[in-house]
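Here is the structure we will look at, set down as structure tokens.
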Amino acid sequence: MSRGLFWFRRDLRLADNPALERACRSHDALLLVYVDEAADAGFDASRAWLRRSLDALAVDVARIGGRLHVLAGDAEQVIPALAAATGAEAVHVSALHEPDADARDARLARALARGGVVLRRSAGRLMTDPEMVLSKVSTPYRVFTPFLKAARPGWRYRPRAAPRRLACFGLPEGMQRLQATLAAPAPDWDRGFWETWTPGERAAQQRLERFLEHLDDYPGQRDRPAIDATSRLSPHLHFGEISPARALDAALRRGGPGTDKFVAELGWREFGYYVLNHWPHSTTDNFNPRFDGIAWRRDEAALEAWRRGRTGVPLVDAGMRQLWHEGWMHNRVRMVVASYLSKHIGIHWASGAAWFMHTLVDADLANNTLGWQWVAGSGVDAAPYHRVFNPVTQSRRFDPEGVYLRRWLPELRRLDDDRIHAPWEKGGAPRGYPSRPIVDLAEGRAEALQRLARASD
Ligand code: FAD
């Protein structure tokens, strides 16, 4: 009888999971595990998501006869020990496509091989193999549009069904002490998350179906933060509760005028991983070295005001409060808050990126880095530095009636549609809200441009 170990990571689903399908095909029985390696680390919003996602997966697994074991420990120790104790012939995983994690897999594969066990990695988190998509001169693309054109023909469409049954065996005696459950955050920071979100494969599929009903409106409405016009699939995709191939396939079958735009956004996700794989240092270093000379400001009070939604700029504050309450922020507003921090206030983009990684349920190293470097102007195919988002213009354009602002800023609820975008301009801000922006918009813009000019001297 052939035994295999299936190690769930960021592929917390049963359907269209090539690694799981391969494991089921290769063995008579499987041991299904998730290894929690962050039990002692600080609590991030995405961990609250993970906790519920694992619960949902355990239920789905049980429904088809299997059992999921959540263990705590260092996977580099736990996985080889489990393989040895169970006599597993292979360990199956989905590739993570993050350079550090991939390097670790390589180490783990060597350790397992010493005991005669094979690590089998399958694709499934991405549709693009970063190594296969290169320009005519065999260099990686730095610009999104040619990347998409080259990558898209290789994307796989036909998602596979979930296994009908899972034949599983249990944890060996000596390993039961590793079993763990993820603790909830204290105090209950995540309470607001669940007004909006339901983690898990079923919820992901339902969200996709609901979104597709309105796909035609996506191009016209996707920039309006008050309207639920985007898919909100990002945390589901991050944790692999749904595969990008399934989202792509469903959108293509649905068809209509929103399809190309949605497919392009899935393409940005692919591009984020592509950039991370070709330029791993971009998580910490400016992609464009011209930015290394920028004299960033260090201002803990301003950073804290930004984090807490107390800058005095309504669209920025609304976004930061949505982030804290829901663990998510609309893409248009992500761009605006990132621009206000890195350009008007002048704080290094990495400080903002770190706060996003802490507070987003969809916190994703590749896409967060791409987003921050894009806005800051220091990244691949980035917005030009001199194009500084004006948060008031953005607010008037994309939330003209102030619906989004009123939802997140109760202090401003009574202001009329004209005043609410910039209360300091006419009549002042109501009590309880900062009387003016912590950094004036015109001065902040001018200083940002000077900072870049000085860095280029
Ligand atoms: P939709 O508009 O429905 O798009 C569908 C899917 O395409 C998304 O779920 C996402 O997977 C992908 N996608 C859409 N826009 C982008 C984009 N600009 N870049 C990369 N992928 C995209 N996305 C994350 O998943 N995790 C992050 O940590 C993250 N950090 C960001 C930080 C900044 C500063 C910025 C500007 C953007 C960031 N994004 C991040 C990208 C984007 O904001 C979110 O993916 C998007 O808002 C998710 O909402 P949605 O699922 O409704 O998107």
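Every residue, even glycine, has its Cβ placed from backbone N, Cα and C.
According to TrEMBL, the domain 'Photolyase/cryptochrome alpha/beta' annotation covers 2-127.
Taken from TrEMBL, the feature FAD binding site applies to Y218, T230, S231, R232, L233, S234, F262, D362, A363, D364. Around Y218 (FAD binding site), a 10 Å sphere centred on its CB holds 22 further CB atoms from the protein chains shown.
TrEMBL lists W296 (among others) with the feature site 'Electron transfer via tryptophanyl radical'. DSSP assigns W296 (site 'Electron transfer via tryptophanyl radical') to coil in the three-state reduction, placing it in neither a helix nor a strand.
What TrEMBL records for W349 (among others) is site 'Electron transfer via tryptophanyl radical'. Its Cβ taken as reference, W349 (site 'Electron transfer via tryptophanyl radical') is surrounded by 26 other Cβ atoms within 10 Å in the chains shown.
Note: W372 (site 'Electron transfer via tryptophanyl radical') has non-local neighbours A338, S342, W349, A350, G352, A353, F356, G379, i.e. same-chain residues 6+ apart with C-beta under 8 A of its own C-beta. Per TrEMBL, site 'Electron transfer via tryptophanyl radical' is recorded for W372 (among others).
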W296 (site 'Electron transfer via tryptophanyl radical') and S231 (FAD binding site), Cα-Cα, nearest whole angstrom:
35
Please work out the number of neighbouring Cβ atoms within 10 Å of the Cβ of F262 (FAD binding site), leaving out its own Cβ.
25
Calculate the distance in Å between the alpha carbons (Cα) of L233 (FAD binding site) and W296 (site 'Electron transfer via tryptophanyl radical'), and round it to a whole number.
34
Quick check on the domain 'Photolyase/cryptochrome alpha/beta' (2-127): DSSP residue counts for helix, strand, coil, in that order please.
56 helix, 29 strand, 41 coil
For a Cβ distance below 6 Å to any atom of ligand 1, name the recorded positions from Y218, W296, W349, A363, W372 that qualify, or say none.
A363, W372
